[in-house]
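Undergrad: According to TrEMBL, the feature transmembrane segment maps to 12-41, 62-81, 87-106, 118-136, 142-163.
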Amino acid sequence: MANLLSFSRIILALFFVYLIRQEMIITGVFVLAVAATTDMLDGLAARKMGKVSDFGAALDPIADRFLIVCATIAVFVLYWQQPLFKIAAALIIAREFLVGLGFVFLNLKGIKLRVSKLGKASTALIFVSLVVIFVLPELGVYLLFVAIILYYATALDYVNIAWRKINEKA
């Protein structure tokens with residue numbers, strides 16, 4: 001059930017992109033909100049059902065990253081003339097790329113990081129701000145920058161945790 005919810009987030013992300021490309025913004029925003037909600041539900045379902053798995057633990061952040069990147073690209077495409085949206089999109093995609101590389105590097109070294117509470121909070125705030133952007137762009141972009149600050153703080157927290165784990169292993 002939990003893995004199905006995570007997988008559905010990937011499918012919903014693709015459907016969201018399709019809807020935005022068709023200029024069906026309101027329907028797209030609804031799909032984005034539903035997809036973001038599955039992020040809260042999948043972990044809850046796994047814990048309640050006692051079905052926490054390594055596969056699910058890997059699939060969940062991949063589905064999150066995929067949805068965030070899809071929504072960020074959609075924001076960039078819709079608001080490409082506005083510099084703040086370009087900067088926000090670049091910051092989010094750069095962070096996703098760098099953190100993704102970091103997790104791959106650590107995995108190759110046999111080091112696994114768990115998603116922190118700060119990570120969950122920053123991802124939730126990114127999702128909320130991306131939804132708000134499509135409804136109230138002027139407010140949403142500022143909310144997104146608050147989320148980006150938290151998102152980068154989370155990345156620095158992961159670097160700190162990874163550094164300690166690398167030194168423990170040495």
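Cβ coordinates come from backbone N, Cα and C, glycine included.
Bear in mind that TrEMBL entries carry predicted annotations, made automatically and left uncurated.
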Undergrad: For the transmembrane segment (12-41), which stretch among 62-81, 87-106, 118-136, 142-163 has the most Cβ pairs under 8 A?
TA: 62-81
Undergrad: With the transmembrane segment (142-163) as the reference, which stretch in 62-81, 87-106, 118-136 has the largest tally of C-beta pairs below 8 Å?
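TA: The stretch I would name here is 118-136.
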Undergrad: Using a Cβ cut-off under 8 Å, which residues of the same chain at least 6 positions beyond either end of the transmembrane segment (118-136) come close to it?
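TA: Answer is 25, 28-29, 32-33, 36, 39-40, 64, 67-68, 71-72, 75, 78-79, 85, 92, 143-144, 146-148, 150-151, 153-154, 157-158.
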